[in-house]
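In what follows, a single structure is set out as structure tokens and then discussed.
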Amino acid sequence: MDKHKDRIESMRLILQVMQLFGLWPWSLKSEEEWTFTGFVKRNYRFLLHLPITFTFIGLMWLEAFISSNLEQAGQVLYMSITEMALVVKILSIWHYRTEAWRLMYELQHAPDYQLHNQEEVDFWRREQRFFKWFFYIYILISLGVVYSGCTGVLFLEGYELPFAYYVPFEWQNERRYWFAYGYDMAGMTLTCISNITLDTLGCYFLFHISLLYRLLGLRLRETKNMKNDTIFGQQLRAIFIMHQRIRSLTLTCQRIVSPYILSQIILSALIICFSGYRLQHVGIRDNPGQFISMLQFVSVMILQIYLPCYYGNEITVYANQLTNEVYHTNWLECRPPIRKLLNAYMEHLKKPVTIRAGNFFAVGLPIFVKTINNAYSFLALLLNVSN
């Protein structure tokens, strides 16, 4: 399997893009070299994100703070809060970059997770292909939010920026407008690509581990027709060892993705709230480009909350299904030592497997529903206050 098929096929292109945008190590070995190339690879992320990403986000927040009223602040808050979640994601992946790189390397190369037969290969390729194309579409839709907003303002009579931020010079004239517009477009492109690729990375870790739990279920099911107790016992022991290692991977994954999921869920209710508030003040006739961009933005934000909740829920569901798979084995015809082994495994399975965000709550579909309800409550309160 490893010689001609890639176990992380769906992430190969995404990781290359993340390297170009300073979000993923080129390699741990090359960055440790005390050469000019090693220095550039170590510090490239700072050279890219300090003058653009962090400066741009700071100017957005400055624009929100100096706004004269709630309506003007709402035009920038929906995006500046989104970018605040991005800051947490970037700092988190920089902090855990070595651990994340080693986790990805283990998922790709560790012999413990090799696929054994063509059925497993077909299953793996099918799921990887679906993940890849789904997230390619998600990335294109997210970039569409940026470029529909950037295009829409070009058809307005006056000078208007697609995404408001504080500009330290007079920009509402023909000569200087394009400087402000260009920095706006560059900043939004960089932050958008950074945001969606980091989302994809976090979701991929969750997705890959859920696939490993599904793989365990498939292998337990295959033991149903085994008649030889010796082979059956060997297969069970291999499954138990693999399960223990997957649990260890789950904890590593939780440590890496927990900060970004926590920040995303906490801030998402406010983001959707201010996005809905802005939609109330953007007319489709007056500014159709901005209106369509806002609709896309709200849909992407809902998807951005839903995806980690969905994949976190998948881990819990497929880990819990292993109990049912044990009952489907040929345990009634096994010798007493094998039954004792299965009983010990069943006791091990009683401990639930969940991904927790900062040890506050389990990442799953219930927290997604609560976040949407909170966003609606905040929006209703904001509309009442503004009226």
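Quick reminder: no glycine exception, Cβ is built from N, Cα and C everywhere.
Database features, via Swiss-Prot:
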- ASN384: N-linked glycosylation site (CARBOHYD)
- 1-45: topological domain 'Cytoplasmic' (TOPO_DOM)
- 67-75: topological domain 'Extracellular' (TOPO_DOM)
- 97-133: topological domain 'Cytoplasmic' (TOPO_DOM)
- 155-191: topological domain 'Extracellular' (TOPO_DOM)
- 213-255: topological domain 'Cytoplasmic' (TOPO_DOM)
- 277-290: topological domain 'Extracellular' (TOPO_DOM)
- 312-362: topological domain 'Cytoplasmic' (TOPO_DOM)
- 384-387: topological domain 'Extracellular' (TOPO_DOM)
- 46-66: transmembrane segment (TRANSMEM)
- 76-96: transmembrane segment (TRANSMEM)
- 134-154: transmembrane segment (TRANSMEM)
- 192-212: transmembrane segment (TRANSMEM)
- 256-276: transmembrane segment (TRANSMEM)
- 291-311: transmembrane segment (TRANSMEM)
- 363-383: transmembrane segment (TRANSMEM)
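Beyond the ends of the transmembrane segment (134-154), by six or more residues, the same chain brings 10, 14, 160-163, 181, 184-185, 188-189, 192-193, 195-197, 200, 203, 287-290, 292-293, 296-297, 299-300, 303, 307 to within a C-beta distance below 8 angstroms of the stretch. Residues 96, 99, 103, 106-107, 112-113, 115-116, 119-120, 123-124, 205-206, 315, 318-319, 321-322, 325-326, 328-330, 334-335, 337-338, 341-342, 345, 348, 353, 355-356 of the same chain, all 6+ positions outside the topological domain 'Cytoplasmic' (213-255), place their C-beta atoms under 8 angstroms from a C-beta of that stretch. Mean pLDDT across the topological domain 'Cytoplasmic' (213-255) comes to 82 in this model.
Mapped onto three states, the DSSP output places ASN384 (N-linked glycosylation site) in helix. With a cut-off of 8 Å between Cβ atoms, the residues of this chain six or more beyond the topological domain 'Extracellular' (155-191) that come close are 21, 48-49, 52-53, 56-57, 59-60, 62-63, 66, 75-76, 79, 83, 86, 143, 146, 149, 287, 289-290, 293. Using DSSP to sort the residues of the topological domain 'Extracellular' (155-191) gives these counts of helix, strand and coil: 19 helix, 0 strand, 18 coil. With a cut-off of 8 Å between Cβ atoms, the residues of this chain six or more beyond the topological domain 'Cytoplasmic' (97-133) that come close are 1-2, 5-11, 15, 24-25, 28, 201, 204-205, 207-208, 211-212, 214-215, 218-219, 241-242, 245, 249, 252-253, 255-256.
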